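Participant: Can you read through this structure? Questions will come right after.
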Amino acid sequence: MPLGERAGDKSESRYCGVETQFNDDMPHVLAFNLSHGSFDFVVAPLMDPAYRPSLMQKESGVSGVLPFAGSDLVLSPSQWSSHVVGKISPWIDLDSEDEILRVDSEITLKQEIAWASHLSLQACLLPAPKGNSCANYARCVNQTLQGLNSMQLWLRIPLVKTDNDTMDVNSSNLDDSWEIWNSFRLLCEHHSQLSVALDVLNSLPSANSLGRWFGESVRAAIISTDCFLTNARGYPCLSKRHQKLVSGFFNHSIQIVLSGEPVHSLPRINSDLAANNNDNNVDGVQKHPLRPYLDYVGYLYQRMDPLPEQERFELGYRDFLQSPLQPLMDNLEAQTYETFEKDTMKYIQYQRAICKALQDRVPDDKASSVTTVLMVVGAGRGPLVRASLQAAEETGRKLKVYAVEKNPNAVVTLHSLVKLEGWENIVSIISSDMRYWDAPEKADILVSELLGSFGDNELSPECLDGAQRLLKDDGISIPSSYTSFIQPVTASKLYNDVKSHNDVAHFETAYVVKLHNIARLAPPQPVFTFFHPNRSTDKSNNRYTKLQFGVSSDTGSAMIHGFAGYFDAVLYKEVHLGIEPSTSTPNMFSWFPIFFPLRTPISLHPGSSLEVHFWRCCRPSKVWYEWSVTSPSSSPIHNTNGRSYWVGL
């Protein structure tokens, strides 16, 4: 049964499994662990641990019936697929110098995975690589993955990293288990059906080192009973660091698997009960020895805060790649307008900025006699018109509004809104592209919401430069400036989703995505900044920036799959709006970050720096981005040109 109920959480992390020993009575294994133990699934060996192909052939002279844990008929297909994760024999060593062991291992691995596939299991747990070399192991797994159906393979990796912060590139893989995983998945060509099952030990690496795993394809966390401490009442509990880590697993849809023998004595009340029921039987049914550990994991899950309404709204968008909007080229649909209009916080910030601009523009003693001309360029269905009029009412200023909108469908809604609200004497609706409208007068304040996830990616600079002639020389633009930011990220899922298209074009595309299963490897750095009104004599919006990032030494090595992009905008003076993590506007959902993928992921080791180049390129009919890495290794220049990505000018 699930660990508990948490509002809005429908993820796999609600389900907890248990690692079991070999038992050829699979119905009993499921009944004991699921019905009596309240676990949701078992990680169970599929093959008798004593089996060795070479011994079997010697004894019988021919290949006999394989000693699997029961026939496929002992459980229903749904029980096999929903409640059993196959555990591949832990003795296998495909890189052993012992040829007999190596051959036995290869045969057994293929036999067990074939059997698991026959059973339609959703996943199999592969044993951790032994030693520093795993080339043959990875080769065999990669070969298997090529013909595998939808079944996932979980590679068991111990959660280990040396405390030696001076570890260099030549250090042993055993110093940092991430290196083992990285070597293995590189040899398997980043196959999307290969994931990680982290073996959590009683000693944990640094927080930075742990954080990088949340960007990897981690499906399960195996927690040994040895990790548990004992609380004042004698029950098992986890350290504060382990608790925080488990909460991270819950938040990233990583399932917990409990493993090992009980290491805690039962509290007296249960001990007495056990004493009166030989072999720890209660009502004729054996009490599950790991139930106290499961109860504690359930307690950790249930005490988590419910997901906020905003996060529940965003659940379906997590790590889902979308093409950015191009409102200059395309007319937005009503549903898109409605979604953005529900973003209350965004319009609160705009109203604050307009209030300050009105007060600066018109002193209090002239509030009743001076009318401010305000133009909303790209008015959509009118939310900024409403925010402007509310700001005028709040500050006691008189206002004349021009609502300029190129989308004829939105103009219909604007006319209805103005009539419904009785704004006919205040608001004039202009059905035109802001860049080509001949205004009867110039504006004191120019208001727009043309910002994209990367600030300038929806062509706000080109639009506002084109509309700048509508503004008085001393006029105010809201926003007055905006800056784009990038940071390197580990994002295994996003990389695999892009890679699944099997072409270069998708790697040379920027995506809007609600980032979730990622690891942020360094703080964001600014890329491009634009000011409005644009007082520069150079009106070209071509830009180039070179950036250098470093990874903290206690993080360890990490894989960079691409760059997360954000923006921060100054609407007016101290009123900001943005999604850059350190300054993001709370409770705002109009913008998700942008993701710039790399064709080939880049490994970054402690002490080395990442050198990144970003270009914003402009032509009369299009704008596009280019990006490249030149250190510690070089990547191709990724180029969105040629795919009409930002066409619309």
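Glycine is treated like the rest: Cβ placed from N, Cα and C.
Model, not experiment: these values are computed from the prediction.
Taken from TrEMBL, the feature active site, proton donor/acceptor applies to GLU449, GLU458. Marked as S-adenosyl-L-methionine binding site by TrEMBL: TYR337, LYS346, TYR347, GLU405, ASP433, MET434. Summarising the annotation, TrEMBL assigns domain 'PRMT5 TIM barrel' to 39-303. Look at TrEMBL and you will find 309-478 tagged as domain 'PRMT5 arginine-N-methyltransferase'. The domain 'PRMT5 oligomerisation' annotation in TrEMBL covers 481-647.
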Participant: Record lists TYR337, LYS346, TYR347, GLU405, ASP433, MET434 as binding S-adenosyl-L-methionine; longest Cα-Cα distance in Å?
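Facilitator: In whole numbers, the farthest two Cα atoms are 24 Å apart.
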Participant: Measuring CB to CB from GLU449 (active site, proton donor/acceptor), give everything in the same chain under 8 Å that is also at least six residues away in sequence.
Facilitator: LYS346, TYR350, GLY378, GLY380, LEU384
Participant: Work out how many Å separate ASP433 (S-adenosyl-L-methionine binding site) and GLU458 (active site, proton donor/acceptor) at their Cα atoms, rounded off.
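Facilitator: Pair distance, Cα basis, whole Å: 15 Å.
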Participant: If one measures from the C-alpha of MET434 (S-adenosyl-L-methionine binding site) to the C-alpha of GLU458 (active site, proton donor/acceptor), what distance in angstrom results, rounded to a whole number?
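Facilitator: Distance between the two Cα atoms comes out at 15 Å.
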Participant: At the level of the C-alpha atoms, what whole-angstrom distance separates GLU405 (S-adenosyl-L-methionine binding site) and GLU458 (active site, proton donor/acceptor)?
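Facilitator: Roughly 16 Å, rounded to the nearest whole number.
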Participant: For the domain 'PRMT5 arginine-N-methyltransferase' (309-478), would you mind checking the mean pLDDT of the predicted model?
Facilitator: 94
Participant: Among all chains shown, work out which of the recorded positions ASP433, GLU458 has the most CB atoms within 10 A of its CB.
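Facilitator: Most Cβ neighbours within 10 Å: GLU458.
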Participant: For MET434 (S-adenosyl-L-methionine binding site), what is the tally of other C-beta atoms lying within 10 angstroms of its C-beta?
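Facilitator: The Cβ of MET434 (S-adenosyl-L-methionine binding site) has 25 Cβ neighbours within 10 Å.
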Participant: As a test of the contact definition, list every same-chain residue at least 6 positions from TYR347 (S-adenosyl-L-methionine binding site) whose Cβ is closer than 8 Å to its Cβ.
Facilitator: PRO383, LEU384, ARG386, ALA387
Participant: Around the Cβ of LYS346 (S-adenosyl-L-methionine binding site), how many other Cβ atoms lie within 10 Å? Please give the count over every shown protein chain.
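Facilitator: A count of 24.
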